[in-house]
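Asker: The structure is given below, and queries will be raised subsequently.
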Amino acid sequence: MAYRGGGPNDYEGHDLQDLPPGSGNGSRDEGVDDVGQSLLRDPHARGTSPYEHHLGAQEPPARPVSAYSLTESYAPDAGSRTPAPPPDNFGVGTGYSQELDPQNGGFGYGRPASTVDTDESWVRRQQPGAQTGGLKRYATRKIKLQQGSVLSIDYPVPSAIKNAVQPKYRDVEGGSEEFMKMRYTAATCDPNDFTLKNGYDLRPRMYNRHTEVLIAITYYNEDKNLLSRTLHGVMQNIRDIVNLKKSTFWNKGGPAWQKIVVCLVFDGIEKADKNVLDVLATVGIYQDGVVKKDVDGKETIAHIFEYTSQLSVTPNQQLIRPVDDGPSTLPPVQFIFCLKGKNSKKINSHRWLFNAFGRILNPEICILLDAGTKPSPRSLLALWEGFYNDKDLGGACGEIHAMLGKGGKKLLNPLVAVQNFEYKISNILDKPLESSFGYVSVLPGAFSAYRFRAIMGRPLEQYFHGDHTLSKILGKKGIDGMNIFKKNMFLAEDRILCFELVAKAGQKWHLSYIKAAKGETDVPEGAAEFISQRRRWLNGSFAASLYSLMHFGRMYKSGHNLIRMFFFHIQLIYNVLNVIFTWFSLASYYLTTSIIMNLVGTPTEASADSSAHTAWPFGDSATPIINSILQYLYLAFLVIQFVLALGNRPKGSKFTYIASFIVFGFIQTYILVLSGYLVARAFNTPIGDQISLESGKAFVDSFFGGDNAAGVILVALVTIYGLNFIASFMYLDPWHMFHSFPYYLVLMSTYINILMVYAFNNWHDVSWGTKGSDKAEALPSAHISKGEKGEEAVVEEIDKPQEDIDSQFEQTVRRALEPFKEVEEVEKRDVEDSYKSFRTGLVVSWLFSNAALIVFITTDDFNAFGFSDDPNGRSAAFFSFLLYSTAVLALVRFTGFLWFLGKTGIMCCIARR
């Protein structure tokens with residue numbers, strides 16, 4: 001199809017032509033239903049263009065084809081080679097490879113050294129006239145500033161981009177420039193001052209459109225594959241919403257796509273991958289040579305680009321554009337791209353989202369995504385439906401699962417399998433339980449949604465106390481005035497927002513988990529990266545959990561009814577018990593290990609109540625010795641973890657940490673084997689002889705009391721293992737129990753012995769693993785000039801001709817579609833010495849309280865205190881208490897899961913569509 005244009009200044013002279021079958025190779029990206037390839041051709045170049053053969057045209061077109069039209073092939077079964085380029089008029093080849101290598105995303109352009117993208121080359125491209133080597137002089141135009149200080153300029157987009165828009169969306173007669181111009185605004189203010197009163201505005205509001213859903217993608221330094229995965233997934237989800245046929249909401253009051261805005265917030269220019277900017281430029285929401293470092297000496301805090309595009313780039317660098325009106329065609333998407341001048345962390349990015357853009361657009365729902373998280377089909381619709389069907393729902397999250405690779409090949413990595421199981425069980429047991437109570441302790445920032453009016457006010461005010469750019473304004477309430485405990489709390493800032501939302505005075509907002517919404521994210525695959533990530537998670541969640549427990553009294557000022565408050569109190573008790581068990585988990589794991597070794601490895605003589613047992617598995621002589629060696633090895637590696645955590649970075653001790661995972665995994669495997677032997681030995685005696693059914697009292701006494709082990713073991717097997725299997729099968733998602741659960745059983749002790757030890761020993765480190773940057777890029781400035789007679793302030797801006805815009809775009813697309821080669825960077829972290837004293841006190845109190853519990857359970861000398869003089873008796877009592885407590889907590893989780901599953905099934909039947 002080719003759009004023939006309207007007026008002479010609109011789209012004339014720039015066609016979009018489809019390739020005939022067999023002209024290229026279209027490798028299909030997994031999970032992507034729209035496959036296309038972008039090829040650029042230049043018929044005006046000397047000799048035969050390297051792209052001429054891709055067109056496959058047998059005769060010249062009726063009129064000249066644009067030098068920079070986007071031409072796509074939808075022939076996935078076509079051959080993988082194209083004809084080799086003939087020499088040019090000088091008898092020399094073009095220098096570009098013509099092979100479409102499937103491993104290269106279907107684009108095999110050889111790239112001259114001059115186009116290799118680096119930070120330096122990106123900075124050079126921002127200078128005026130950089131694309132022409134500075135030799136060409138452009139005409140200029142005068143741009144009036146809004147209210148005398150706000151610089152907002154409309155720039156023509158490349159012809160190929162505006163030609164990609166379907167004709168039915170182009171309002172040429174109405175004079176709309178939505179698809180013809182990209183809008184750039186240099187925000188020289190704080191996000192709180194980005195208001196209509198101060199002269200700032202956004203396109204959707206200027207077009208008088210109601211924004212129902214604002215989708216935010218926060219970015220730090222991810223590569224273009226990760227961003228493309230998120231961005232393309234979002235556009236596919238928007239297509240799902242637009243294609244709804246029977247919706248009573250989306251199909252009234254204007255097209256559905258006009259009610260959705262996608263906002264990308266980049267945390268600083270310096271750390272951003274410049275290849276990602278090329279991808280955004282290919283879509284149409286960014287251009288080189290536009291950004292201004294300052295406006296008349298006032299520093300630009302954020303560069304804001306706005307455009308509505310129908311183009312998308314897949315993770316394997318394939319350009320997708322509309323070809324027909326079929327259901328697979330992507331609709332127009334309204335984009336806001338906020339490129340912050342400096343790195344100021346994720347909370348500040350959310351302040352731009354909520355306080356700047358949110359207040360102008362006033363959306364009903366805000367959906368938060370991290371770059372790299374791919375929403376599954378119809379997931380964003382499922383999140384929105386949750387709010388649409390529940391007027392009191394203030395926040396929600398979906399299921400996040402680990403990216404396992406093609407055919408699940410990443411599951412061969414034990415760390416990936418362990419994290420996959422952790423995510424799955426959290427989604428099956430933990431989130432449904434908390435959702436049943438009405439308070440989900442954490443809505444992951446990588447995939448969650450909030451009702452905008454629910455978080456306005458105190459929730460966002462408390463949340464933004466963690467923004468270091470507000471530290472001078474907030475004073476003692478800001479991040480610089482906080483103690484180390486509060487600073488750690490803001491490492492898990494999403495937990496703070498969740499608590500403040502539920503506890504909002506006079507309101508009855510609750511939080512929910514939505515099963516139908518699913519998102520896929522990549523997880524750390526190396527030990528060092530895994531440990532560093534969990535340091536922030538564990539410390540932040542521990543501090544935030546204590547914060548919510550200490551401030552539970554604020555719930556009484558909310559508007560929740562008595563039934564909801566009753567369940568909040570049950571959840572409070574459950575959370576207190578979880579915090580206590582987490583605190584003493586270091587001792588619990590060691591005691592469990594030593595008790596099981598002693599039970600199996602100590603020979604016993606026959607008595608009236610039990611038969612004789614030899615030490616297992618190595619005999620009476622060798623087994624106690626081997627068990628003692630393993631216990632000492634356990635303690636030795638535990639001490640090593642403290643030494644490593646206090647003085648080394650995970651990346652600097654990578655092999656030692658890998659050895660620690662192996663040692664603890666080996667000991668845990670040995671314990672699992674011994675546990676299996678204990679179970680078999682306990683059931684050597686028929687269970688009917690061990691448990692009495694004569695009366696209720698006799699059953700309770702024989703099952704839970706006495707010397708019989710069958711009751712304790714049955715409870716442990718059913719609650720620790722059985723409920724996981726039952727819940728997973730009822731959830732219709734049991735596969736992780738087969739391919740990931742065994743890995744988790746082997747490595748579960750490392751969550752405490754390695755991850756928590758490292759986290760608590762680095763309590764003083766309140767960094768995100770990223771540091772703020774004060775480096776200002778060498779970008780051009782905008783200088784204000786005024787006329788002699790008090791004329792309005794204006795800025796002179798280059799008026800670049802369309803041919804030069806298109807020429808620049810050709811190079812941009814080449815860079816964008818090049819495969820990304822990952823460069824490993826050395827992480828640098830500054831340790832704050834002033835926090836080490838607090839860190840030391842925390843670690844010592846934690847270590848000594850756990851050591852005291854071990855001594856109390858195992859020592860022989862407690863006669864003076866009135867305790868039993870038999871340490872084996874105390875060990876058995878502790879072990880029974882531990883198992884029963886774990887069983888009770890597991891039953892509570894399972895009950896919440898059952899309630900959630902039933903409620904979800906009923907709501908599916910009665911919910912409004």
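Glycine is treated like the rest: Cβ placed from N, Cα and C.
Checked Swiss-Prot, it gives:
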COMPBIAS  41-56  compositional bias 'Basic and acidic residues'
CARBOHYD  Asn25  N-linked glycosylation site
CARBOHYD  Asn539  N-linked glycosylation site
REGION    1-135  region 'Disordered'
TRANSMEM  566-586  transmembrane segment
TRANSMEM  625-645  transmembrane segment
TRANSMEM  658-678  transmembrane segment
TRANSMEM  712-732  transmembrane segment
TRANSMEM  740-760  transmembrane segment
TRANSMEM  840-860  transmembrane segment
TRANSMEM  881-901  transmembrane segment
Asker: Hey, which of 712-732, 740-760, 881-901 has the most Cβ-Cβ pairs under 8 Å against the transmembrane segment (658-678)?
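Answerer: That would be 740-760.
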Asker: Which sequence-distant residues neighbour the transmembrane segment (881-901)? Criterion: at least 6 residues beyond either end, Cβ under 8 Å.
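Answerer: Result: 428-430, 432-437, 513, 515, 574, 577-578, 581, 588, 591-592, 704, 712, 715-716, 718-720, 723, 726-727, 730-731.
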Asker: Please determine whether the transmembrane segment (566-586) and the transmembrane segment (740-760) are in contact (criterion: at least three Cβ-Cβ distances under 8 Å, sequence separation 6 or more).
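Answerer: Since 3 or more Cβ pairs under 8 Å link them, the transmembrane segment (566-586) and the transmembrane segment (740-760) do come into contact.
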Asker: Which sequence positions outside the transmembrane segment (625-645), separated from its termini by at least 6 residues, show Cβ-Cβ distances below 8 Å to it?
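Answerer: Distal contacts: 590, 593-594, 597-598, 601, 618, 653, 656-657, 660, 663-664, 667, 670, 753-754, 757-758, 760-762, 843, 847.
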Asker: With every protein chain in view, what's the tally of Cβ atoms within 10 Å of the Cβ of Asn539 (N-linked glycosylation site), excluding that atom itself?
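Answerer: Result for Asn539 (N-linked glycosylation site): 27 other Cβ atoms within 10 Å.
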